[in-house]
Amino acid sequence: MFTMKKPLLFLFFLGTISLSFCEEERGADEDDEVEMTEEEKRGLRDKIKNVAIDVAKGAGTGVLKALLCQLDKSC
């Protein structure tokens, strides 16, 4: 019985090592997908920020023109 335990323990040990390597590779693949989504989010955030800045500039210009009109009383 003792002679059977050593090979079984050895096979169990090899199986655990190979399983841990598979999990590490799978984790590395999943990390790449996460980075892509973060890059996409960053790009989307930049686009939204640029649109908001353009809208604010347009609104600010309109408000300044209205104030100038009120101050000059040329309306």
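Just so it is clear, glycine is given a Cβ too, placed from its N, Cα and C backbone atoms.
A disulfide bond in Swiss-Prot ties Cys75 to one cysteine from Cys22, Cys69, and that cysteine is Cys69.
With all protein chains in the displayed structure included, the most crowded Cβ environment within 10 Å among the disulfide-bonded residues Cys69, Cys75 is that of Cys69.
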